[in-house]
Amino acid sequence: MSSVVVVGTQWGDEGKGKITDFLSENAEAIARYQGGNNAGHTIKFDGVTYKLHLIPSGIFYKEKISVIGNGMVVDPKALVEELKYLHDKGVDTSNLRISNRAHIILPYHIRIDEADEERKGANKIGTTKKGIGPAYMDKAARVGIRIIDLLDKETFKEKLEHNLGEKNRLLERFYELEGFKLEDILEEYYDYGQQFKEYVCDTSVVLNDALDDGKRVLFEGAQGVMLDIDQGTYPFVTSSNPIAGGVTIGSGVGPSKINHVVGVAKAYTTRVGDGPFPTELFDTIGDTIREVGHEYGTTTGRPRRVGWFDSVVVRHARRVSGLTDLSLTLLDVLTGIETLKICVAYKLDGKTITEFPASLKDLARCEPVYEELPGWTEDITGVTSLDDLPVNCRHYMERIAQLTGVQVSMFSVGPDRAQTHVIKSVWRLA
């Protein structure tokens, strides 16, 4: 038995999809455990670029099981559209398994999400407006509708009718928006469920059986540790737990069955949406990194905020997710920058702190303490091993490992699979 969790160590968009796709080659089952279609994964497979939001990266390997876990919130319409997108490109999806316990996103979740973000004005969180938060709210309030409910028309109608009474009052009286009629949703969404019911099962059984049979299972996180609802920059976070601990809740696999946790980190830092970002750059270097790194959101298309690598953030990720390995991505983007900076600590009211603070007021007053390292000018996109990297690039990676306390086991120097390189296998048994 061998299992690996892939988590983002920053604010998402670290290249998890690419690393998951790379590691999928040696996995026999790949599972997502939280989030929904608010997360975007860009994957290159056989020379074709795919953009996925719900379906795990492992879908391209038809001999491997690809799982949408119970911790996810699934927009049935978006799922049907994504399946069609893959089918139109000739991708076989018969290896997909969808948890019957996953909750669904309905049109009223999306409308409430949009209205609430608009209402907050300057205090907006930066949600993708996909209905994720309201769906998780219903789940916590025990009024959510699960996929197993969607497949039974009588149950779906009963639960939907009950929820619409409350949601319409909220939309009409508080947000002053039009509500929904039962018939607006019932037939359309029941039909969506019928289109993917062949994939629906108890995915906890599927995953545990695979592990008990000695198979390799890969768990694919969405977003990143700093967007975790408990450990991130609350309230500028997502509504679920992207940290490694979310795997056990969101997949139905116990913690004793997790072997390694791979933290994916960009060689710099980015963030989409509002919220604190201590190392953010507002100069030409930031603009250069954004353009060279194509730093625009997969889901929203919004320009990402860009900053220097922050070891305080990744140390926090190491601690709360129990990172065993680090995968450093987009090293090639930094080529040509004369002097690189790594944030080693923060200054808060004249005092040096080395751990990420919980208070947003404290964060707003934090000034990054930088260590400067010489950059490199050599093209590294064609290297095939660690030894091929320029000495300054290797020193940069070594310093990141020292400052974060996590070994760099993989690094990436471009978007293609062949540009991801292994220093130490994360599939090791010890």
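Including glycine, each Cβ sits where the backbone N, Cα and C put it.
Classification of Asp13 (active site, proton acceptor) by DSSP places it in coil, neither helical nor stranded. Summarising the annotation, Swiss-Prot assigns active site, proton acceptor to Asp13 and lists sequence analysis as the type of evidence.
Annotated active site, proton donor per Swiss-Prot: His41, in sequence order.
With a cut-off of 8 Å between CB atoms and residues at least 6 apart in sequence, the same chain places Ala39, Ala222, Gln223, Gly224, Leu227, Pro242, Arg271, Val272 near Gly12 (GTP binding site), listed in sequence order. The GTP binding site annotation in Swiss-Prot covers 12-18, 40-42, Arg304, 330-332, 412-414.
According to Swiss-Prot, the feature Mg(2+) binding site maps to Asp13, Gly40, an assignment based on sequence analysis. All protein chains shown were included, and the count of other CB atoms within 10 Å of the CB of Asp13 (active site, proton acceptor) stands at 28.
Other Cβ atoms within 10 Å of the Cβ of Thr128 (IMP binding site), summed over all protein chains shown, number 22. Look at Swiss-Prot and you will find Asp13, Glu14, Gly15, Lys16, Asn38, Ala39, Gly40, His41, Thr128, Arg142, Gln223, Thr238, Arg302 tagged as IMP binding site.
Around the Cβ of Pro303 (substrate binding site), a 10 Å sphere holds 14 further Cβ atoms from the protein chains shown. Sequence annotations record features per position, and here Swiss-Prot assigns substrate binding site to Thr298, Thr299, Thr300, Gly301, Arg302, Pro303, Arg304 based on sequence analysis.
Taking Cα separation as the measure, Thr128 (IMP binding site) is nearest to Gly301 of the recorded positions Lys18, His41, Gly301, Arg304. Max Cα-Cα distance over the annotated IMP binders (Asp13, Glu14, Gly15, Lys16, Asn38, Ala39, Gly40, His41, Thr128, Arg142, Gln223, Thr238, Arg302) is 34 Å.
The Cα atom of Val413 (GTP binding site) lies nearest to that of Asp13, taking the recorded positions Asp13, Gly301, Pro303, Arg304 as the candidates. Here the binding-site residues are Asn38, Thr42, Thr300, and the one with the most other Cβ atoms within 10 Å of its Cβ is Asn38.
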